[in-house]
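*Asks:* Dropping a structure here in structure tokens format, bear with me for questions.
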């Protein structure tokens, strides 16, 4: 009727009175969102949070077989043999002769100039390279235990004799080197220890790698927080000498325990576990870097520092040998300190952590957005705001801090369980192919001998890497519901 009151149209009812599905899924009083009408005023309807509407699925982990890993004593013995072979090859590269020439030419009758070799330096290098093997022998003997008093006295006597012998050889070689060389050359003998002090002594957060996973939820949460605060307090209160002694003790201690994973339910526990694993991983990488550089320094670089100025040698080939020794030592130590079980542990923790992708301003303006909460487990595809930036959840299970770069880096490195193993295979395979190419093109006898000897050592390392890659590749490629799953 003209002049009568008109009711709201169907289009107005659909716009103002009914909440949209996006608002129901993305809204929440705690997240700072709510229902709004056409004019922009808020409607006081309670909206459930996103965790009540969308529950992330459980994180499922693959079961991997227990691959054989070399024991501490066996690995140190093989590593020591490899370093001795590399040291022998470097001495061949430096002191080789042309022994096949006729006698009417000024040549040597031996393959090496043995009279130019400093045997005190060779003995010093051998003892320094054997330090881990000696400590592994002492550790294994200590773990065996003593069944009687006589057995205990024999173990103590053997340890004292072994350590005394090593110390006497070091002192004897240092005294003779001090008599025949300048002080500048002697400084090269202890240079790696000067690098180790700032590299490892002032980073005591690695003590947090002992994860407390055998306790209930409340006890575990309290224990992790107390251990983190205790670690920080100890690192601040200890003096330089204590830090140095602890770092040197860890340098000789080969048996580093592998942490465990407990599939925690709380976001705080997940982040604390990631922090502990991150500190433990950084500690292991530092040990790998230092020991590989230490080995390459004493095997391939230190003999060059004590060569006489009148001695000619192939500088390019010696430097190439130095690089090869460092790469091979790095791969061998990484394989031992980061085994497949440890990489699977990091992968499981990264699956619980998740990742956030930073988006540009203005994008997804019509999509529901939430305020990030540290006590919420966010599902995949959710948009949150944190520190005035917009982020999107990438993983199916996300508890990471969006602005924390270390969390994103941890997820990138370990969310694929075979990434580290593939990288090691790529490095070692490239070295093997390059050495085969150099072996085919080599014309000098010392080049052929050095490549042939080093290749035998590299074949063993490459075989172990390829074996682990094939077995783990098949284990991770199986569908998750084809065997027993572990879900939190």
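All residue numbers here begin at 1 and follow the chain in the order shown.
In case you wondered, yes, glycine gets a Cβ from its N, Cα and C as well.
Sharing the feature lines straight out of Swiss-Prot:
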CARBOHYD  31  N-linked glycosylation site
CARBOHYD  39  N-linked glycosylation site
TRANSMEM  72-92  transmembrane segment
TRANSMEM  110-130  transmembrane segment
TRANSMEM  154-174  transmembrane segment
TRANSMEM  182-202  transmembrane segment
TRANSMEM  287-307  transmembrane segment
TRANSMEM  319-339  transmembrane segment
TRANSMEM  420-440  transmembrane segment
TRANSMEM  446-466  transmembrane segment
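Distances, neighbours, how buried they are, the whole picture for these features please.
*Replies:* Non-local neighbours of the transmembrane segment (72-92) in the same chain are 111-112, 117, 122, 125-126, 129-130, 132-133, 136-137, 139-140, 254-255, 295, 298-300, 303, 318, 321, 325, 328-329, 332-333, 336, 446, 449-450, 453-454, 457, 460; each lies 6+ residues outside the stretch with a CB under 8 Å from one of its CB atoms.
Non-local neighbours of the transmembrane segment (287-307) in the same chain are 83, 86-87, 90-91, 94, 118, 121, 125, 128-129, 132, 181, 185, 188-189, 191-192, 195-196, 199-200, 250-251, 256, 313, 318, 321-323, 325-326, 329-330, 333-334, 337-338; each lies 6+ residues outside the stretch with a CB under 8 Å from one of its CB atoms.
Sequence-distant contacts of the transmembrane segment (319-339), counting only residues of its own chain at least 6 positions beyond either end whose CB sits under 8 Å from a CB of the stretch, comprise 67, 69-70, 75, 79, 82-83, 86, 89-90, 93, 256, 258, 281, 284, 287-289, 291-293, 295-296, 299-301, 420, 424, 427-428, 431, 435, 450, 454, 457-458, 461, 464-465.
Same-chain residues lying 6+ beyond the ends of the transmembrane segment (420-440) with a Cβ under 8 Å from its Cβ atoms: 324, 327-328, 330-331, 334-335, 338, 340, 343, 413-414, 447-448, 451-452, 454-455, 458-459, 461-462, 465-466, 468-469, 472.
If one looks beyond the transmembrane segment (446-466) by at least 6 residues along the same chain, the residues whose Cβ comes under 8 Å of a Cβ in the stretch are 78, 82, 85-86, 88-89, 92-93, 96, 317, 321, 324, 328, 331-332, 335, 421, 424-425, 428-429, 431-432, 435-436, 438-439.
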